[in-house]
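Novice: Take a look at the following structure, please.
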Amino acid sequence: MSPTSETAKGGRRLVIVESPAKAKTIKGYLGPGYVVEASVGHIRDLPSGAAEVPEKYTGEVRRLGVDVEHDFQPIYVVNADKKSQVKKLKDLLKESDELFLATDEDREGEAIAWHLQEVLKPKIPVKRMVFHEITKDAIRAAVANPRELNQKLVDAQETRRILDRLYGYEVSPVLWKKVMPRLSAGRVQSVATRLVVERERERIAFRSAEYWDLTGTFATGRAGDASDPSSLVARLQTVDGRRVAQGRDFDSLGQLKSANTLHLDEANARALAAALENTRFAVRSVESKPYRRSPYAPFRTTTLQQEASRKLGFGAKSTMQVAQKLYENGYITYMRTDSTTLSDTAVSAARAQVTQLYGADYLPPQPRTYAGKVKNAQEAHEAIRPSGDRFRTPAETGLTGDQFKLYELIWKRTVASQMKDATGNSVTVKIGGAASDGRDVEFSASGKTITFHGFLKAYVEGADDPNAELDDRERRLPQVAEGDALTAEEITVDGHATKPPARYTEASLVKELEEREIGRPSTYASIIGTILDRGYVFKKGTALVPSFLSFAVVNLLEKHFGRLVDYDFTARMEDDLDRIARGEAQSVPWLRRFYFGEGDGTGGGGAADAGNGDGDHLGGLKELVTDLGAIDAREVSSFPVGNDIKLRVGRYGPYVERGEKDAENHQRADVPEDLAPDELSVELAEELLAKPSGDFELGTDPATGHAIVAKDGRYGPYVTEVLPEGTPKTGKNAVKPRTASLFKSMSLDTVTLDDALKLMSLPRVVGADAEGVEITAQNGRYGPYLKKGTDSRSLQTEDQLFEITLEEALAIYAQPKQRGRAAAKPPLKELGTDPVSEKPVVVKDGRFGPYVTDGETNATLRSDDSVEEITPERGYELLAEKRAKGPAKKTAKKAVKKTAAKKAPAKKAAATKKTAAAKTTAAKKTAAKSTAKKTTAKTAAKKATASKTSED
């Protein structure tokens, strides 16, 4: 029976969803007897501070928002910004005869539905309405087939929320006292931060190895074509039967893993190349194997985040935001899922499109099934796919921008999942010969031809490694047979150096967390966002770089809260929480063991001590945070660099120091905030210490009482005010300190307080023209200028900023605007130096709206970006995305020659010992010196939020 005919008998139904966008879409599918309203997310939560806790609660309950002495009873309060919405829902409920709770079908959605029921206290029938796609048929089916609330899911979500509150509110204050105020710890965020820090430690300990090899271009002697090339390129594989070392044959200290491998240095490689000049080569073997590649499974949350990062340059958060919009507007199924399963309807829709778009030859006789799911999956139960029983092609959707790109990605992946395998042949050709000195050499070439593209016709998965070959890439070799003679047209001597392990990107960090079974797919985007916001990591291009602050935090947690950041322990916690969700374990006993350490197996054992699967491996958090006297704050935040220099993380950021504070030979210098820990060498530290102190206190602003200091910053010397401790640094109430660059005629050692106050008073209002449009004098990266509306004019000197009169300004505007460089508009915002191009990045106003540019690459701001809010990191990310999409640069083909040599990169010095926060390699000295001249505008403390707790 349809919803419309049901309500025709009388009655009014209230349907509550999370978001207004979702409400708007669903409303169009239901009849006039339905009222669809949004809760606008969670309406109730644990209190964010003691001020929100009802007065009847005192002591620990007031601090934590959880009564740990009475079965961990949570104290819920209606969010201040949701009170008016709750009143609206209650008013609508009074006029309704039935309530449908239509929140998302996952654990979080079930909790929202339960909180709505608890707060609204309906006296009418209540039904739980679930669906995983917003289509007319799906919504009507959900109305016709409601269910009861799943209390197990509700309990599981509540347990997670309480656990995260206890973890955050008990451990975070330790960080405030021992490292820096306003930091945070979290069940998953701290482990994710540790992963990034450990990868940087590996890079710090890494020693590069130089190795050489030979590459030969061999000709068959016959004319070739596209299907049968006339030559092939092969790499030297063995010399006298010993395999020639490649990068994978060296360990992280630059040593060969096996003595049986031949390590060629430059001299030996060149000598061998010379000995091969007149060698006669022949094909020794041709091995052909069938090639088959099956389609990739449809997307789940994490694979969508990873692929959107690789192919579209989206961060995890951006991917989920775009996917949320697509879901709410009825284009895709629910985007938080661990499943790769497709419904029968979806399989039929995908197979129909395969036949329609690619033909019956691309359709397998039987539907493909993808039953594999992540362990303990508790999210929605179908893969992410286009919605409906007939998939709209991307062109049919009318979508634009990021929504179009992500929909197209999902659509292609889904359709491809129901196509035939790609098939072909892979071939390996071995080419041998004898050098003039008698040594036997063997070169090897591999090829691949695809005879039937199958699913590759529709979709090819990206790769995290930029050097990895994609599945649809063919390498055709000449048709040769064993014994065929070949001529060496060119023997190239190639030098290489092993590289440190790559830093995590958002995509690879998500993959790592999932493989370790830490956290849940629905939380990964927010976790990465949190560690970026807290200043624990920052981005260089797409790489996630740990800050020195994160080294201090992880150092403390590892030494004093080892269990809490142990990977296996965290995964077992996740497993226990899922057992609670399935009803196989009880919440309160588990929380009691976690917090108080009750139960067997908790007598101080390490995180690796496995329990019986019922939480017995948990220790007592309360006891861990009670005795803090043993934690030496200075020790956990100090890291040796070398030459008696230490890197320390202070309340206002990292610095290097030699000697004790009160000693006569004491030296101290700030470390640039954007310096990667693996770039801090002894040489760079010495250079920093040799420079004058970075901060010059000029005095106090009489108007505000704030201290005014001069600094040598990343973009040159500047003055700024020091805001009082406790001033909000993030969020809508954030306060930014006044800052201004020094004039070219000024220097750090001569600038005065009066100079600083004048500089920080800019821009100066000069006056208004006859039409009342304000004219201001401003100082920018490209010099002083006047601004009137969107019309800007350059000034000749910096002094004019304070001296120019209204009459003089009007006279300048009365002149025709100059063309060429002088006519260029000043930037809307200056972001800093791009880590890739090393050029200044600015925001400009273009014909099609604001865009970021470094002078070489332009990238338009997206719909959810604004000139006022865009950060330097976001600007660099947009440019990196644009570069990734651009055409690859073509290099001119070199003339054929007999012997050529490519110089290996300079080998790192391996003599100097490196420690957790220092790296002394000659190869990095130059880069480190360059970086030393820069410092970011934001410190780690500025990035930290005032929130005590964190989700996960």
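Counting starts with 1 at the first residue shown.
Keep in mind that glycine also has a Cβ here, set from the backbone N, Cα and C atoms.
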Novice: Looking at the candidate ranges 70-75, 184-189, 412-417, 490-495, report the one that Swiss-Prot labels region 'Interaction with DNA'.
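Specialist: That would be 184-189, per the region 'Interaction with DNA' entry in Swiss-Prot.
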Novice: Express the distance between the Cα positions of Y169 (site 'Interaction with DNA') and W176 (site 'Interaction with DNA') as a whole number of Å.
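Specialist: Y169 (site 'Interaction with DNA') and W176 (site 'Interaction with DNA') have their Cα atoms 11 Å apart.
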Novice: So which one is it: of the recorded positions Y169, Y334, which has the fewest other Cβ atoms within 10 Å?
Specialist: Y169
Novice: Let me know how many other Cβ atoms fall within 10 Å of the Cβ of R336 (site 'Interaction with DNA').
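Specialist: Result for R336 (site 'Interaction with DNA'): 25 neighbouring Cβ atoms inside 10 Å.
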Novice: Please name which of the recorded sites listed here, R161, D164, R336, is nearest in space to H42 (site 'Interaction with DNA'), Cα against Cα.
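Specialist: Of all the candidates listed, R161 is nearest in space.
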Novice: Among all the protein chains here, how many other CB atoms are within 10 A of the CB of D164 (site 'Interaction with DNA')?
Specialist: 20
Novice: Distance check, please: Cα of Y334 (active site, O-(5'-phospho-DNA)-tyrosine intermediate) against Cα of D164 (site 'Interaction with DNA'), rounded to an integer number of angstrom.
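Specialist: Between the Cα atoms of Y334 (active site, O-(5'-phospho-DNA)-tyrosine intermediate) and D164 (site 'Interaction with DNA'), the distance comes to 25 Å.
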Novice: State the Cα to Cα distance, in Å, between R161 (site 'Interaction with DNA') and W176 (site 'Interaction with DNA'), rounded to an integer.
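Specialist: On Cα coordinates alone, these residues lie 22 Å apart.
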Novice: With every protein chain in view, what's the tally of Cβ atoms within 10 Å of the Cβ of R534 (site 'Interaction with DNA'), excluding that atom itself?
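Specialist: Looking across every protein chain shown, the total is 26.
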